[in-house]
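Step one of this worksheet: look at the structure below.
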Amino acid sequence: MDAFKQQLEQLSAQNQYRSIPDLVHQGRYIMRENRKMLNMSSNDYLGLASNENLRQSFLQQYGGNFPSFTSSSSRLLTGNFPIYTDLEELVAQRFQRESALLFNSGYHANIGILPALTTKSLILADKLVHASMIDGIRLSQCEFFRYRHNDYEHLKNLLEKNVGKFDRTFIVTESVFSMDGDVADLKQLVQLKKQFPNTYLYVDEAHAIGVYGKNGLGIAERANVIADIDLLVGTFGKALASMGAYVVCDQILKECLINQMRPLIFSTALPPFNVAWTYFIFERLPQFSKERSHLERLSAFLRQEVEHRTQIMPSQTCIVPYILGENEATLAKAKDLQEQGYYCLPIRPPTVPKGTSRIRLSLTADMTMDEVKQFVACL
């Protein structure tokens with residue numbers, strides 16, 4: 001036990017010790033230690049999680065005869081329910097693709113897809129892809145390289161040097177990057193993919209689904225490249241106010257995943273009740289255009305104000321990094337903002353590169369411009 005204790009002491013000395021906070025949620029506010037704070041760290045981008053009207057409308061449609069609260073099994077055994085297929089068909093239809101497949105979480109999706117599909121393959125991943133994608137790459141045991149962040153000339157060089165050595169190549173990226181809030185150029189990635197044989201594009205839209213595109217289908221919809229992305233992954237646990245994840249892809253890839261993806265095969269499926277809620281929200285996704293427009297106005301204002309103070313602004317989205325550099329300064333500023341009534345959280349290495357500790361600000365559509373202006377005055 002002494003070795004574990006020393007590890008924790010070392011983390012504490014480096015200002016990298018983490019703990020799970022005791023929180024009470026009140027709409028867009030957080031109660032912690034008897035302090036009420038506006039939640040500036042939520043991924044509930046459209047503000048749907050606290051929308052009581054939506055919740056009541058969903059519950060009323062069942063009249064007390066709710067779907068099961070557990071699946072009790074893997075979908076490949078006895079845990080499949082009609083609502084799963086209904087949601088997969090709806091997702092595939094909205095994206096105008098052959099098929100969709102559900103997962104228990106975005107993490108499950110990202111650690112399972114690549115190991116299931118990448119035998120004798122090369123993986124080329126953006127340097128800043130999410131930890132879950134890195135874990136999936138490691139589990140695949142494939143040869144892999146990481147290209148410099150959003151540097152497609154570097155990616156092209158790696159493709160030219162390596163593609164002929166492998167049966168298949170997978171380019172892996174996020175569309176909206178979770179810590180910097182910047183956006184991948186999906187059109188350019190599609191063009192690159194098409195230049196090389198047996199090359200597949202895998203895009204994680206976790207922070208884009210619901211928020212971008214005319215119908216809320218993400219950056220791929222906005223860039224008009226949905227049909228060109230081989231594996232388009234998204235989560236229901238952020239803007240869509242639910243849980244779980246999906247991939248849209250060709251039917252043949254779906255069948256391969258069903259047969260070879262261990263997190264899918266060996267996990268108890270999501271509760272049908274939650275999948276029904278996801279269906280309810282996803283069905284209404286095109287209706288939230290006002291929320292998307294309002295969120296963009298709030299985001300543009302906050303990005304401008306933070307850039308004015310730090311001279312650093314990689315973001316193009318509602319994820320706005322307030323980069324302070326060192327751990328101590330970041331922890332102190334987060335504490336100061338919490339004392340002023342704003343629930344802001346410090347993000348430190350190894351989540352972000354050393355020397356780029358920041359407060360990750362994420363806006364939601366249920367905030368007002370006055371609230372954001374009042375927050376800016378505290379920066």
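Cβ coordinates come from backbone N, Cα and C, glycine included.
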Taking Ser121, Ser178, Ser267 as the options, which does Swiss-Prot list with Gly106, Tyr107, Asp204, Glu205, Ala206, His207, Thr235, Phe236, Gly237, Lys238 at the pyridoxal 5'-phosphate site?
Ser178
Return the member of Arg18, His130, Thr351 nearest to Glu205 (pyridoxal 5'-phosphate binding site) in space, with distance defined Cα to Cα and candidates limited to these binding-site residues.
His130
What's the CA-CA gap between His207 (pyridoxal 5'-phosphate binding site) and Arg18 (substrate binding site) in angstrom, rounded?
23
Among the binding-site residues listed here (Gly106, Ser178, Phe236, Lys238), which has the Cα closest to the Cα of Thr351 (substrate binding site)?
Ser178
Of Arg18, His130, His207, which of the binding-site residues has the most Cβ neighbours inside 10 Å?
His207
